[in-house]
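**Student:** Just lifted these from Swiss-Prot, have a look:
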BINDING   C65, C69, C72  [4Fe-4S] cluster binding site
BINDING   C109, C141, C201, R271  [2Fe-2S] cluster binding site
DOMAIN    47-273  domain 'Radical SAM core'
Amino acid sequence: MANWLVLAEQVLGGHELTDEEALAILDCPDEELLLLLQGAYRIRSAYYGNKVKLNMIINAKSGLCPENCGYCSQSAVSTAPVKTYKMVDKETLLRGAEEAHRLRIGTYCIVASGRGPSDKEIDTVVSAVKEIKERFGLKVCACLGILKPEQAARLKEAGVDRYNHNINTSKQHHPNITTSHTYDDRVRTVETVKEAGLSPCSGVIIGMKETKRDVVDMARSLRALDADSIPVNFLHAIDGTPLAGTNELNPRYCLKVLALFRYMNPTKEIRIAGGREVNLRSLQPLGLYAANSIFVGDYLTTAGQEKSADYQMLEDLGFEIEFAPAPQAGVVS
């Protein structure tokens, strides 16, 4: 039996997991799972206490994407029935921010489909973010695709705090998921974001026929990229996508993955993201002993659980919602 608490203390002392130790976490016997999570919580609590960060997505532009990502219902190769619309207007983005403020959401995430944003779309986001900051004081994360340096600079100047661009999978597995852009394209966008002074957010999707070695490589790559926030998605296979029917995950393995990302990225915000409800199922609360952040509400094209259920879960766990909008901000009608 591995001593997971000892390993956790070593991590807190600066130890970086070896590949052997990382794979052992993913291969942790189910009867040791609670001990593994105890170690993960020891690390989590050292940096984040019992606080949980809440995030909410607005799908600002849906469908119409030319990329061929195998997991995505909005891609060019998907036949899934999804709503398609161009970038929403500023007023729609503001209404979403007002709802996020009411729900004590810490980070409001503006997400748009497509390979990358047009300058006109950047104009819309920039205008909205300036007013969101003035009225609500929320942290804003943008996720608009592959970004040019001048676009990143404009977002930073407008007040965007964070930019999300996921690596999604390992470098070696990436060509099995999409061929319309490269893994290096994604990494370059994360580097562009960092150079602009934006906080980098980059994560993964688990359950896309990758190996455990791939999962370890993902966690290590994100450590090397120094992503401040790491969303861990679990594949919600959608009919009409190339990965439809893929069902490799169970709740216990998902918890081991979350623990791995905590042990390998101890100081970072680890977020349980898409697919939480369908893959963790009744074990969702245990995930927050490793992670310290969740999405509330719906995702891009799939539904989340009722918001009230998430707030009840946090109350039952005894966790505190981290919500600190800028003190000068206030809702104006």
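Cβ coordinates are placed from backbone N, Cα and C, and glycine is handled just like the others.
Note that the coordinates shown come from a computational prediction; the quantities given were computed from them, not determined experimentally.
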**Student:** Please work out the mean pLDDT for the residues of the domain 'Radical SAM core' (47-273).
**Tutor:** 95
**Student:** Of all the binding-site residues here, C72, C109, which one's CB has the most other CB atoms within 10 A?
**Tutor:** C72
**Student:** Pop the Cα-Cα gap between C65 ([4Fe-4S] cluster binding site) and C201 ([2Fe-2S] cluster binding site) into the table, whole Å please.
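**Tutor:** So the Cα of C65 ([4Fe-4S] cluster binding site) lies 21 Å away from that of C201 ([2Fe-2S] cluster binding site).
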**Student:** For the binding-site residues listed here, C65, C201, which shows the highest count of neighbouring CB atoms within 10 A?
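**Tutor:** The most densely surrounded of these binding-site residues is C201.
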**Student:** With R271 ([2Fe-2S] cluster binding site) as the reference Cα, tell me which of the binding-site residues C65, C69, C72 is the closest one.
**Tutor:** C72
**Student:** Neighbours of the [2Fe-2S] cluster site C109, C141, C201, R271: Cβ within 8 Å of the Cβ centroid, same chain, sequence order.
**Tutor:** N55, T107, C143, R162, N164, S229, P231
**Student:** In Å, rounded, how far does the Cα of C141 ([2Fe-2S] cluster binding site) sit from the Cα of C65 ([4Fe-4S] cluster binding site)?
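**Tutor:** That comes out at 20 Å between the alpha carbons.
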**Student:** What other residues of the same chain, not counting C65, C69, C72, have a CB atom within 8 A of the CB centroid of the [4Fe-4S] cluster site?
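**Tutor:** Apart from C65, C69, C72, the close residues are E67, N68, Y71, S73, Q74, S75, A76, S78, S113, T178.
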**Student:** In terms of DSSP three-state secondary structure, what is the assignment for C69 ([4Fe-4S] cluster binding site)?
**Tutor:** coil
**Student:** I'm trying to understand the geometry here, so how far is the Cα atom of C65 ([4Fe-4S] cluster binding site) from the Cα atom of C109 ([2Fe-2S] cluster binding site), in Å to the nearest whole number?
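**Tutor:** The Cα atom of C65 ([4Fe-4S] cluster binding site) is 19 Å away from the Cα atom of C109 ([2Fe-2S] cluster binding site).
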